[in-house]
Protein chains: 2
Amino acid sequence: MEMKNTLGNYLIEQLYNCGARHVFGVAGDYVLRFFDDLVHSKLNVICTCDEQGAGYAADAYARLNGLGVVCITYCVGGLKVVNPVAQAYAEKSPVVVISGAPGIKERKKNPMLHHKVRDFDTQKKIFDEVTVASTVLSDPGTAPREIDRVLNAAQRYKRPVYIELPRDMTSEQVTHQYEFREMQEKSDPVALQEAVTEAITMIHAAKKPVIIAGVELQRFGLQSELVKFIEKTNIPVTSLLLSKSVISERHPLYLGLYEGAIGHDFVREYVESSDCLVLLGALLTDINLGAFTAHLDQGRMIYVTSEKTAIRHHNYENIYLQDFMYELMRANIKRQELKGIQHQEVQPFSPVKGQKVTVQRLFQCLNSFLTDDTVVIADVGDALVGGSDLVVHRRTEFISPAYYLSLGFAVPASIGAQLASPSLRPLVLVGDGAFQMTGMELSTIVRYHLNPIVVVFNNYGYGIERPMMDGPFNDLQLWQYSRIPEIIGGGRGFIVKTEEQLSEALEAAEKYKDGFCILDVHLDKYDMSPALQRLTSLSAKRAR
Amino acid sequence: MEMKNTLGNYLIEQLYNCGARHVFGVAGDYVLRFFDDLVHSKLNVICTCDEQGAGYAADAYARLNGLGVVCITYCVGGLKVVNPVAQAYAEKSPVVVISGAPGIKERKKNPMLHHKVRDFDTQKKIFDEVTVASTVLSDPGTAPREIDRVLNAAQRYKRPVYIELPRDMTSEQVTHQYEFREMQEKSDPVALQEAVTEAITMIHAAKKPVIIAGVELQRFGLQSELVKFIEKTNIPVTSLLLSKSVISERHPLYLGLYEGAIGHDFVREYVESSDCLVLLGALLTDINLGAFTAHLDQGRMIYVTSEKTAIRHHNYENIYLQDFMYELMRANIKRQELKGIQHQEVQPFSPVKGQKVTVQRLFQCLNSFLTDDTVVIADVGDALVGGSDLVVHRRTEFISPAYYLSLGFAVPASIGAQLASPSLRPLVLVGDGAFQMTGMELSTIVRYHLNPIVVVFNNYGYGIERPMMDGPFNDLQLWQYSRIPEIIGGGRGFIVKTEEQLSEALEAAEKYKDGFCILDVHLDKYDMSPALQRLTSLSAKRAR
């Protein structure tokens with residue numbers, strides 16, 4: 001049926017149809033009318049302190065919800081989200097950037113309108129580098145189809161897209177076929193059959209197959225398929241840092257995180273001695289490969305992602321990850337006999353009286369604190385590296401920028417995560433350096449009545465850099481993090497120096513559900529988790 | 001003489017030769033070695049909380065010092081400064097971006113190294129859109145010449161440049177001719193003579209010539225030439241918002257700010273009835289032209305900038321602003337007879353007991369508070385628009401992003417401004433919305449013992465947008481701005497609600513020189529300066 005609508009409302013409708021329920025952003029004059037449309041729509045508008053925060057929130061929302069939206073004004077807003085959007089590109093998170101812009105009619109004779117950098121298309125050119133599709137909605141006649149094309153690309157590739165909305169187009173009437181066109185691409189059936197047959201033959205011939213489950217299984221909604229497959233075949237599974245919690249870390253077939261020389265020896269030995277490595281949706285990044293200390297023999301490898309399908313040393317074309325997974329599921333694979341799998345034990349934490357908190361003990365304590373209702377959001381630093389040892393209960397409940405490694409993600413990400421999954425309470429792990437970048441988005445958390453528990457790893461600087469090369473550039477001004485609630489009008493703060501204080505603070509935080517809690521955990525300047533010790537000693541060698 | 005040096009130290013040497021004494025940034029593993037070089041060099045390293053703050057600080061430093069440097073790590077740092085650098089591009093501020101990057105040797109076979117977005121050159125491509133020159137120092141043989149080329153471009157065009165330093169190049173030995181190559185471009189002498197002769201003829205024939213002094217006079221170091229010229233010829237001068245304080249606003253020949261229908265009637269009438277408009281280095285932006293309410297007759301215009309020379313309706317090629325100014329100076333121009341110039345009077349401020357502070361009265365008070373040692377830094381909003389009425393004592397002492405209009409500039413800019421001009425004390429005017437974006441860089445101010453006076457215009461939201469279109473997107477969470485000193489370990493805070501409290505707080509701030517002062521000035525949600533009232537009513541019409 002042909003329908004009429006304003007362009008702004010058509011865009012809103014299609015975002016809703018793609019599953020978005022929230023839009024993160026900061027207003028500005030070129031996008032005011034669209035913000036007005038938004039607040040009168042079915043979508044909820046979440047205004048952050050700075051656009052950077054909105055970008056991170058939209059990324060985290062996209063990871064849990066399947067699509068995230070950030071809406072900002074032209075250049076002064078848009079160029080502040082280049083970094084969060086680049087992160088979403090690198091780590092495959094479908095974030096839709098909607099930027100207001102000068103009206104098409106205003107652009108005649110190329111005037112110097114405020115917020116313009118060089119040309120009117122400067123911002124679009126920049127976003128072309130960090131998105132998979134982009135459009136300027138300059139014509140009401142083509143706008144609906146353009147919107148559909150770009151939103152489809154976000155869903156197809158699980159990567160960011162850019163939509164520029166000139167302010168004089170927002171209220172233009174558009175006519176459109178009211179249907180959402182799903183992507184209908186299919187794999188080459190013959191190539192698919194050949195690849196799956198070869199893969200199954202390899203798995204059958206193997207004595208010790210193992211699955212390395214990558215982040216794309218989460219992004220493409222294939223987590224249930226993974227669980228069904230391993231439960232049917234009894235093949236054990238490991239994950240990488242970026243895909244941590246792609247499967248419940250308490251699943252009996254879960255080996256633990258594979259991180260090359262940085263991770264646990266049991267997992268490393270199990271994986272590296274396997275005669276059939278099935279990598280599904282896994283990104284082979286330096287961090288995922290334990291700073292390239294991983295030893296994965298390509299001659300034993302089945303490697304399937306959304307971008308590449310390879311078995312041993314040959315590649316297949318035109319095979320989609322989803323189709324490969326479905327065919328693998330349907331195949332009749334013999335059940336493996338399993339022995340000797342070790343599971344990481346979570347010990348109950350008993351605080352030692354008067355004992356200063358160490359990073360190692362902090363993680364032991366946090367591990368025992370996790371429940372089925374916790375989503376862990378780790379910022380870059382020991383929060384992430386040490387956090388790899390946490391045992392996450394369910395799935396997609398460990399969120400971090402484990403490849404792109406952009407500091408300042410976690411606090412604003414918790415806004416997006418909790419709005420996407422209101423039944424979960426975020427546990428935010430953040431270093432003091434990362435906190436000083438974006439931590440004041442706690443203000444947004446108060447404003448929208450969210451209640452994460454924020455643990456600040458206060459080690460007086462960029463602890464992760466000290467072992468590589470130390471100097472005053474790794475130091476920070478000391479903040480009284482626990483007193484931030486007094487500034488922003490909500491939340492509760494705790495100073496934690498001893499193990500007892502840690503236990504008490506977490507207990508109090510668990511009980512206090514009306515707002516956020518922030519724990520200022522004082523750690524020794526040079527203390528770090530065992531995993532970080534191994535990583536930095538390797539990185540230091542490389543930096544030299 | 002041919003000399004040997006490491007690449008890192010050569011870069012430092014040339015930055016120093018260009019006048020840089022400070023480098024603003026945040027460290028990261030790809031740039032650690034260069035940070036180590038920096039802290040052992042003649043340059044001072046200023047580490048901000050977030051890269052965004054470093055970008056703004058470098059921009060303000062560049063405006064006062066002639067060159068600013070921001071040094072960050074690859075992508076996760078670099079892409080955070082795209083917006084400040086875009087601002088520097090738009091407003092002609094020579095900022096050098098130095099970004100660490102993966103080593104050239106590490107890039108072989110295109111591995112997925114952390115911080116990489118798409119390709120290794122993604123970041124460079126993005127900066128190509130917002131800089132006038134860029135280079136990747138991938139070869140020690142060409143690196144010195146590349147550095148010279150790029151730094152020359154920053155000085156020639158007064159716009160940002162981009163230098164990418166792969167980490168394995170930092171300590172490479174380079175051989176170079178140790179001399180700094182100045183830009184030697186000269187105007188076409190015949191064209192220059194023809195243009196200047198025509199301009200002088202026009203000025204001589206005019207009854208009421210007026211000079212509109214633009215921001216490029218400051219950027220290209222031509223302020224003294226301007227003063228000499230007007231004092232010799234007795235031609236009065238006006239400035240635009242972006243060039244406010246290009247000349248002392250207490251100079252007898254200064255008419256005031258020209259802002260079309262938004263500014264003062266006397267200036268408007270004087271300028272628009274002039275029969276010879278001499279625009280020198282002026283950018284004709286929407287804001288500079290009072291939201292395009294300016295009426296400047298091209299048929300009476302001499303228009304010279306670094307990019308264009310036009311008299312009436314014809315253009316000249318290959319003429320440089322500097323050369324034009326020097327020739328104009330040398331010419332024998334008759335002295336004008338002047339009458340009827342009005343000067344804006346600064347009234348002493350007497351607080352009315354119990355009176356709530358209004359925006360208008362706040363500016364009256366601030367006006368009487370300015371001294372010869374004040375540099376005013378205005379953020380976007382009424383801080384800027386209302387701030388246009390301040391009478392600045394000396395020159396280049398009003399700094400603002402008056403064309404690009406990026407919120408969050410002022411607090412971090414004060415770091416750069418005070419380090420560039422240590423004899424000046426910054427008076428920062430910042431709205432609550434802008435403050436919530438970058439205000440925590442006060443932490444950096446404490447760390448480096450600076451002492452700006454920060455006036456927060458606390459009107460509970462984006463006051464400048466409310467008259468255009470209001471909604472919850474213009475609201476902010478209320479912060480206790482005056483208590484931020486308690487969080488970051490320095491400074492003094494004041495709550496200001498009445499005129500008496502305002503006077504007392506400013507008096508106390510003047511006396512307290514050991515750190516920053518922050519005044520949380522509570523204003524009515526809908527209150528605004530008369531200038532902003534005029535601007536927003538015009539913008540509202542346009543947004544509809």
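Here, residue 1 is simply the first one shown, and the rest follow in order.
In case you wondered, yes, glycine gets a Cβ from its N, Cα and C as well.
As given in TrEMBL:
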BINDING   B:ASP432, B:ASN459, B:GLY461  Mg(2+) binding site
DOMAIN    B:6-110  domain 'Thiamine pyrophosphate enzyme N-terminal TPP-binding'
DOMAIN    B:196-316  domain 'Thiamine pyrophosphate enzyme central'
DOMAIN    B:392-521  domain 'Thiamine pyrophosphate enzyme TPP-binding'
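The 10 Å shell around the Cβ of B:ASN459 (Mg(2+) binding site) contains 24 further Cβ atoms across the protein chains shown.
Report note: the Mg(2+) site is defined by B:ASP432, B:ASN459, B:GLY461, and the residues of the same chain whose CB lies within 8 Å of the CB centroid of those residues, excluding them, are B:GLY431, B:GLY433, B:PHE457, B:ASN458, B:TYR460, B:TYR462, B:GLY463, B:LEU476, B:LEU523, B:LYS525. A simple way to gauge crowding: the CB of B:GLY461 (Mg(2+) binding site) has 23 other CB atoms within 10 angstroms, across all the protein chains here. Here the domain 'Thiamine pyrophosphate enzyme TPP-binding' (B:392-521) returns a mean pLDDT of 97 for the predicted model.
With helix defined as DSSP H, G or I and strand as E or B, the domain 'Thiamine pyrophosphate enzyme TPP-binding' (B:392-521) counts 51 helix, 28 strand, 51 coil.
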